[in-house]
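Per TrEMBL, these features apply:
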type	residues	note
DOMAIN	1-56	domain 'Lipoyl-binding'
REGION	58-121	region 'Disordered'
Amino acid sequence: FFAEPGDRVEVDEPIAQVETDKVTIDVNSPEAGVIQKLIAKEGDTVEPGTKIAIISKSGEGVTHVAPSDETPEKAPTASPTAEQKKEAAPTKVEAAPVVEKPKASVVPPPSKPAAIEPQLPPKDRERRVPMTRLRKRVATRLKDSQNTFALLTTFNEVDMTNLMKLRSDYKDAFFEKHGVKLGLMSGFVKAAISALQKQPIVNAVIDGDDIIYRDYVDISIAVGTPKGLVVPVLRNAERMNFAEVEKEINTLAKKANDGSISIDEMAGGTFTISNGGVYGSLLSTPIINPPQVRFL
């Protein structure tokens, strides 16, 4: 929640955030007024259409007293009378004397050496942070993919001389004309599109016992954000040129990082590109993003 009871909000002002499996969505106030009560609590799971707060247009709220805040008066306790004490006194029972048998001396068994417990780091040097719904969903999907699909990773060397020269020769003019930098991702996307068009089996998805071939190319681009991994999609990438690819990647990456990306912008996709080189990786073995069949 961005606001508390008693705060005034305007129309369309964000008052809370709802985190889904894929994206974080702002909940805007439908009207101007004063927040009277928060119905939902932070961390609750709510369904679409569920009311999470009450907003009063006039700002006049009704104060409710919780039952736990009311302290009942203590009833006076009467001291027991002498007659009651007499009745409550236990009756003495005389018992016959018991002759104790001599006890045999017991020799205690040799004590075992105490087990040495491992010395763990102190708890004050640890931090426990709950996973977001996005991170839990990504972990579940990737683990399911690992358990279901037959994963195979191959590595090939590619001569990047021409692409590096192209980028070096035209990066300044490209930025002046299009307002975005000419990176390597547009080259990777164009190369992937060419391969997918030449090998349609790679540009396909698995649906039950069927393979669906697609006559279009939607490229998923893996983006690491502070809240977790998201995979926005370049729609109809086969129709894009280098500048359009770079602009769309830049737009989707900004949305992913500020949490404004929509679920529709991450749905579908027939081929995913994950560039681990931005993190300094030399080689990597990504997990397939179902229902896709290939990953770069």
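The backbone N, Cα and C atoms fix where each Cβ goes, and this holds for glycine too.
Summarised as a single figure, the pLDDT of the domain 'Lipoyl-binding' (1-56) averages 87. Counting residue by residue with DSSP, the domain 'Lipoyl-binding' (1-56) contains 0 helix, 23 strand, 33 coil.
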